[in-house]
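Trainee: TrEMBL lists 66-105 with the feature domain 'RecX first three-helical'. Under the heading domain 'RecX second three-helical', TrEMBL lists 112-153. Sequence annotations record features per position, and here TrEMBL assigns domain 'RecX third three-helical' to 160-206, 216-264.
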Amino acid sequence: MPEIAKITTQKKSKHRYNIFLKENEQEYYGFSVNEDILIEYYLRKGLFLTPEMIEQIQEKDQSYKAYTLSVKYLSYRMRSEQELIDHLRRKEVDDTYIGEVISRLKQEGLVDDVAFSEALVRTKMQTSTKGPLMIKKELVEKGIQAPNIEQALSLYTFEKQFQKVDKWAKKKLQVSSKKSRQQQIDSIKQSLLQKGFSFDVITEVLNNIELERDDDEEYEAVVFQGEKLVTKYQKKDSGYGLKQKVKAALYRKGFTADLIDRFIDEYLSEH
């Protein structure tokens, strides 16, 4: 039966100890343990250990290691169960101990996918312009199950989405642009869809926003776009053909017929 010959502190970790064993006058390295395990099993020089005891101590140490790695990882921010599992696997912790530590952390309330999901949704609502669909994608990537996602996203009510989209859209529409109002609206719709808001919310907001624009400002945009089009098309066209191409292009950009005609009359009358 092996006997503990000596115990030394590891150089890189003052809280881990190397256990050296002696058997038949031969001394050799046995295993290492955390300080808490050392104390729990009262490991000391001269103590005899059966193979079963050594196996039990090593298993307890592996479980403790998985737990301390988990607590450290959780100390920075809340984590989903899957995030924690992935972290422990990267640290080469055996799945047996991962299952044990996850169960323990759940009992202690340190791992809770429902609370995690709701906290993430609240944070995204308060600190970002992400919509529910984008947040849902993030929750899926973190391994959250569908029922928990649905429960968490219920916090992001239609009213809250409307307020978020309304504020963002109005801010964008206030910025001076050389695009037509329709182009601005289309751009806003596309951006909001990419942010994860539903078409219903976007449509509701835009239907309630004052979309009228000062005619002078809109005409400035017509002139800006029109002059670029004239430069582009006059290399190959002139006269009626040039006017028709410019007219059609401006119409596709969302400008109204009366403003287009005004531009044609004022800028292309001599062509």
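Each residue, glycine too, has its Cβ placed from N, Cα and C.
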Trainee: For the domain 'RecX third three-helical' (160-206), DSSP counts of helix, strand and coil?
Mentor: 37 helix, 0 strand, 10 coil
Trainee: In terms of Cβ proximity under 8 Å, which residues at least six beyond the ends of the domain 'RecX first three-helical' (66-105) contact it?
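Mentor: Residues packing against the domain 'RecX first three-helical' (66-105) from afar: 34, 111, 113, 115-117, 119-120, 142-144.
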Trainee: Quick one: average pLDDT across the domain 'RecX second three-helical' (112-153), no decimals.
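Mentor: Overall, the domain 'RecX second three-helical' (112-153) comes to a mean pLDDT of 97.
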